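Everything below concerns the one structure shown next.
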Amino acid sequence: MEIRPLLMCFALCVVYATSKPTEKKERIHHDAPLSSREHDDAQGFDYDHDAFLGQKEAKSFDDLSPEESKRRLGVIVEKIDGDSDGFVTEVELRAWIKKAQKKYIYENVDRQWKDFDVNNDGMISWEEYRNVTYDDPEPDDGYNYQHMMARDERRFKMADQNGDQIANKEEFTAFLHPEEYDHMKGIVVLETMEDIDKNGDGFIDLNEYIGDMYNHEDEMEEPDWVATEREQFSEFRDKNKDGKMDREETMDWILPSDYDHAEAEAKHLVYESDSNKDGKLSKEEILNKYDLFVGSQATDFGEALVRHEEF
């Protein structure tokens, strides 16, 4: 049997969870910062450039003239304006920033796309994914691939928002990276609970919580962080103090409601650029403040513009 590398990697991670028993397995998903720079407009707009374009893309503007920078920013503005009403709202700007920050994810999906789009129609059906990934769902290696296939199909259906059993690029991205999409958070929680809930009661108790993080060996002394996690479970994870975590408590644990950096940046950009204070930005208002959104004296934007087509 041939198992796709992605699947085999997942299978090995499930079977051999941790190679070092004292290492802590991390389940919490946090949004990455928008930039490694400090957000201080008094010192410059580098943070805003990184947030608006992504750190890698922002560098591509470093040598463009102001005129060229404005022209190409204008092209981007038209892409951000999702409903083509001539204005950019905070919601549209937040969505753009989110996508700019997820560029590495889109690149990962692009690398895998051609392997699964067997008929080259620009879509990936469940049958295509299943046939490529599971050419023999009952191998003679003792692992239950039928269970993995059913779990994958459930996730695929959740990502397939129009229910046609065929994934476009965005839906396939949600399938491979569900933690990045609001409508997929439920499946992330469900899969996590299935992994940890060893007694099958639909909850995560303290022993299961610690057992998922720490591969105990009798001859080894328990690391200090394990005791800390026991306290975390009792004081913060188990909010209703019934000795176990339900789905809502598990979601609060693995998908915490962090500070929304993209929303904050979108509000900041609108506040700084909205000259008539109508709560939305026209193309003219954005171009008038082009130096806030993108750099000038920047490098060739040609390749960056092509890359932005995927957004």
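The backbone N, Cα and C atoms fix where each Cβ goes, and this holds for glycine too.
Copied over from TrEMBL, here are the features:
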SIGNAL    1-19  signal peptide
DOMAIN    68-103  domain 'EF-hand'
DOMAIN    104-139  domain 'EF-hand'
DOMAIN    147-182  domain 'EF-hand'
DOMAIN    184-219  domain 'EF-hand'
DOMAIN    261-296  domain 'EF-hand'
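Outside the domain 'EF-hand' (68-103), and at least 6 residues removed from its termini, the chain residues within Cβ reach (under 8 Å) are 31-32, 34, 51-54, 56-57, 61, 177, 180, 260, 262-263, 265-267, 269-270, 279-283, 286-287, 290, 293-296, 298, 301, 304-305, 307-308, 311. Taken residue by residue, the domain 'EF-hand' (184-219) breaks down under DSSP into 21 helix, 2 strand, 13 coil.
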